[in-house]
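If you check TrEMBL, you get these features:
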type: DOMAIN; residues: 17-138; note: domain 'Acyl-coenzyme A oxidase N-terminal'
type: BINDING; residues: Thr144, Gly183; note: FAD binding site
type: DOMAIN; residues: 284-445; note: domain 'Acyl-CoA oxidase C-alpha1'
type: ACT_SITE; residues: Glu430; note: active site, proton acceptor
type: DOMAIN; residues: 539-639; note: domain 'Acyl-CoA oxidase C-terminal'
Amino acid sequence: MEGVDHLAFERNKAQFDVDEMKIVWAGSREDFELSDRISRLVASDPVFRKDDRAALGRKELFKNTLRKAAHAWKRVIELRLSGEFSALEPEAYKLRAFVDQPAFTDLHWGMFVPAIQGQGTDEQQQKWLPLAYRMQIIGCYAQTELGHGSNVQGLETTATFDPKTDEFVIHSPTLTSSKWWPGGLGKVSTHAVVYARLIIDGQDYGVHGFIVQLRSLDDHLPLPGITIGDIGMKFGNAAYNTMDNGVLTFDHVRIPRNQMLMRVSQVTREGKYVHSNVPRQLVYGTMVYVRQKIVADASVALSRAVCIATRYSAVRRQFGSHNGGLETQVIDYKTQQSRLFPLLASAYAFRFVGEWLLWLYTDVTERLKAKDFSTLPEAHACTAGLKSLTTTATADGIEECRKLCGGHGYLCSSGLPELFAVYVPACTYEGDNIVLLLQVARHLVKTVSQLSTGNKPVGTTAYMARLEQLLQYHSDVKKAEDWLKPNVVLEAFEARAARMCVACAQNLSKFSNPEEGFQELAADLVEAAVAHCQLIVVSNVYALSLLHKHLGDFISTGCIDPKQGSLANEQLRNLYSQVRPNAVALVDAYNYTDHYLGSILGRYDGNVYPKLYEEAWKDPLNDSIVPDGFKEYIQPLLKQQLRNARL
Ligand SMILES: CCCCCCCCCCCCCCCCCCCCC/C=C/C(=O)SCCNC(=O)CCNC(=O)[C@H](O)C(C)(C)COP(=O)(O)OP(=O)(O)OC[C@H]1O[C@@H](n2cnc3c(N)ncnc32)[C@H](O)[C@@H]1OP(=O)(O)O
Ligand SMILES: Cc1cc2nc3c(=O)[nH]c(=O)nc-3n(C[C@H](O)[C@H](O)[C@H](O)COP(=O)(O)OP(=O)(O)OC[C@H]3O[C@@H](n4cnc5c(N)ncnc54)[C@H](O)[C@@H]3O)c2cc1C
C-alpha cells in the first residue's frame with residue numbers, strides 16, 4: 001500500500017474534531033486564521049523557498065538570508081504589519097516564524113528594540129525607537145564577551161565618563177573583553193546596545209547598557225576605533241549559520257552621555273550617579289522577555305519534530321507480515337509509542353505552559369509600570385526555570401524523533417538534522433540551562449528559609465505553605481485508573497518538589513559558609529529546581545509520563561511506593577493505546593504546511609518513498625555520473641590494484 005493511503009486511513013480513525021483542535025493549538029479562531037493565512041503566503045512565495053539551503057556555502061547562505069530578510073521586510077510594509085511609530089503587528093512575528101530562517105532581524109526586533117523599550121527613558125525611546133521601527137538603523141544586543149557570558153557581572157568592557165566632553169569612552173581593555181557571539185553584529189548591525197562597566201571618577205558602578213553606533217549609515221564601514229567581524233561557522237550546515245554572530249572590540253570610542261540607557265540609573269552632566277527607586281535587576285529585563293519568548297517557541301520546535309516522526313511512523317512498516325500481508329506500522333510498536341507519545345504530550349503541554357508564562361510576564365510588566373516590583377523574583381525564576389526545562393526537553397526530543405525515524409531521519413531531507421542544529425543552542429543562549437536552574441534553586445531555598453519567619457510563599461511556590469502536610473503525604477493510589485485524577489498527580493509532584501527543596505535547605509544549613517554549601521550541593525539543587533519546574537508544567541496540564549520518567553525521585557522521597565509506580569506505568573500503557581488512533585490527527589492539528597515542516601518524512605500526504613527517491617537525484621553529487629576527482633584519485637587506485645593483482 002502507498003504511504004498516501006496509510007495517512008488517509010489514520011485520519012479516519014481520529015476520535016475528535018481536528019478542526020476544533022487546530023483552534024485550541026492556535027489559541028483562538030482569530031489566531032488560527034492568522035497563522036493559516038501567513039503560513040500559506042510564505043509557502044507560496046519563491047523567495048522563501050528553503051529546500052536548497054543545505055547545499056549552500058556560507059557566503060551564499062548568508063546572502064540568501066539577507067535577500068529573505070529584505071523581501072520579508074518589503075512584505076511587512078506592503079501588508080502594513082509595521083507602523084512608522086509603532087512596533088510590529090503579530091502577523092509580522094508569524095511571518096518570521098514561517099520563513100524559518102534565523103536572521104539579524106531576530107536580534108533587532110527581539111532584543112535591541114526591547115532593550116530600548118525596557119531600559120530607555122521616555123526621551124531616549126522617542127529618539128531611537130522610530131528609527132529602529134522603520135529599520136533605518138539595525139541593532140543587536142552586545143552583552144556576552146570572549147571571557148564571560150553567564151557571569152554578567154564579570155564583563156570587562158568599560159564605559160568611562162569624561163566630564164570634560166560629556167561623553168562616555170567605550171573601551172575593550174583585554175582580549176577577553178571582546179564582545180563575542182551577538183547575533184546580527186558580525187556583518188549587518190549599524191548599532192548595538194552594548195553592556196559595559198560604568199566608571200565615573202575611577203569608581204566602578206557595575207554593568208549598564210549603552211547605545212553605540214558601530215557602522216557608518218552611508219558605506220557600512222566600521223566607525224573609527226571599532227573592529228568588527230563574524231566569529232565563524234557554527235554547528236550544523238545551514239542551521240544557525242544564516243546568522244552573523246559577531247566579534248567586536250572598542251578602542252576608546254566616544255559616545256554622548258545621553259546614550260547610556262537611563263531608565264534604571266542615570267549619570268548627570270556633573271558626573272553624579274543617580275539610582276532610581278527601582279531594582280537594579282531591571283537591567284536584565286530584556287533577558288526575561290526573551291526567555292519567555294523562548295519558552296513559547298519550544299512547543300513549536302518540538303511539535304514540528306513530533307509531527308514528522310508521527311506521520312513517518314504511521315507510514316513506515318517493519319516486520320510482522322503473515323502470509324504475504326502487510327508488515328506492522330512502526331507506530332504500533334509499544335516501544336515506539338512509549339518514546340513518541342510522551343513527546344507528543346510534551347509539545348501540547350509546552351504550548352499551554354507558554355501561554356501561561358505569557359500571562360505571567362504580561363502581569364509582571366503591568367505591575368512594573370505601576371512601580372510594584374514584588375513579583376519580579378517570581379518572574380525571573382519562572383522564565384529562567386521554564387526556559388531551561390522546555391529547551392532541554394525540546395532539544396532532546398528532536399534528537400529522539402530523529403532516532404524514531406531510523407536511518408532516513410539522518411537525511412537532511414527529513415528536516416530533523418537542521419531542526420536539531422538550529423534549535424540546540426537554545427539550551428545555551430539567553431542563559432546556560434544549568435546556570436538558570438541554579439537561579440531557580442536560589443529562589444526555592446530562599447523561599448523555604450523564609451517560611452520560618454512567617455513569609456507566605458506566593459505564585460508558583462505557594463504550595464510550600466502546606467509544607468507540613470506535604471512532608472506527611474503518601475499517595476493513596478490503589479489502582480491504575482487512580483493516576484488519571486489530575487489532583488492525585490499534582491499532589492505527588494508537589495510533595496516530591498517540596499521534599500527535594502527541604503532536603504537541599506537542610507543540607508545547606510550544615511555549612512558554615514552558605515555560598516560554599518551552595519557550590520558543593522549544586523547538583524542536588526539543580527534536581528530540586530527541575531522538580532519544581534516540572535510541577536509548574538504539571539499544574540497547567542496533566543503529565544503522567546514525567547512521573548514515570550522520574551520514578552526514582554518519587555520513590556526515594558517516599559511520596560509513592562514501588563507498587564504505585566507500577567500502577568502509573570500500567571496506566572501510561574493504557575493511555576498510549578488511547579492516543580494511538582488519534583496520533584496522526586493530533587499532529588495534523590498543528591496545521592503546519594509542508595513548506596514549514598521542510599521534511600519528506602513528515603509530508604502531509606505520506607508519500608514518502610517516491611519523494612525520497614526523487615530527492616536523492618537532486619544532490620549535487622549526482623549532477624555527473626562519474627564524480628569530479630575520479631581521474632586524479634580513484635582511477636590511479638584502481639590501476640594500482642590491477643598491478644598488484646597481476647603480480
Ligand atoms: C529572514 C526573516 C526575516 C523576517 C523579518 C520580519 C520581522 C521580524 C520579526 C522578528 C521577531 C523575532 C523575535 C525573536 C525573539 C528573540 C530571538 C532571540 C535569539 C536569542 C539570541 C541569544 C541572545 C543571548 O544569548 S543574549 C545574552 C544572554 N545572557 C545571559 O542570559 C547571561 C546569563 N546570566 C545571567 O542572566 C545572570 O548574570 C545570572 C542570572 C546568572 C545572575 O548572576 P549573578 O552574578 O548571581 O547575579 P547578580 O547580577 O549579582 O544578581 C543577583 C540577583 O539578581 C536576581 N536576578 C538575576 N537575573 C535576574 C533577572 N533577569 N530578572 C530579575 N532578577 C534577576 C537574582 O535572583 C539575584 O537576586 P537576589 O537573590 O534577590 O539578590
Ligand atoms: C547561537 C548563540 C547565539 C548567541 N547570541 C547572543 C547575542 O545575541 N548576544 C549576546 O550577548 N550573547 C549571545 N550569545 C551568548 C550566550 O548568551 C552565552 O553563550 C550564554 O549565556 C552562556 O554563557 P557562556 O558562553 O559564558 O557559558 P559558560 O558560562 O562559560 O558555560 C560553560 C559551562 O560552565 C557551566 N557553568 C558556568 N557557570 C556555572 C556556575 N555558576 N555553576 C555551575 N556551572 C556553571 C555551564 O553550565 C557550562 O556547562 C549567544 C550564544 C549562542 C550559542
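Glycine is treated like the rest: Cβ placed from N, Cα and C.
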Using DSSP reduced to three states, classify Gly183 (FAD binding site) as helix, strand or coil. coil
How many Å lie between the Cα of Gly183 (FAD binding site) and the Cα of Glu430 (active site, proton acceptor)? 12
What is the interatomic distance between the Cα atoms of Glu430 (active site, proton acceptor) and Thr144 (FAD binding site), given in whole Å? 10
For the domain 'Acyl-coenzyme A oxidase N-terminal' (17-138), residues assigned helix / strand / coil by DSSP: 89 helix, 2 strand, 31 coil
Would you report the average pLDDT that the model assigns to the domain 'Acyl-coenzyme A oxidase N-terminal' (17-138)? 93
Could you give me the DSSP helix, strand and coil counts for the domain 'Acyl-CoA oxidase C-terminal' (539-639)? 68 helix, 0 strand, 33 coil
Within 10 angstroms of the C-beta of Glu430 (active site, proton acceptor), what count of other C-beta atoms is obtained when all protein chains are considered? 24
Counting across all protein chains, other CB atoms within 10 angstroms of the CB of Thr144 (FAD binding site) number 18
Cβ density check for Gly183 (FAD binding site), other Cβ within 10 Å (all protein chains) comes to 25
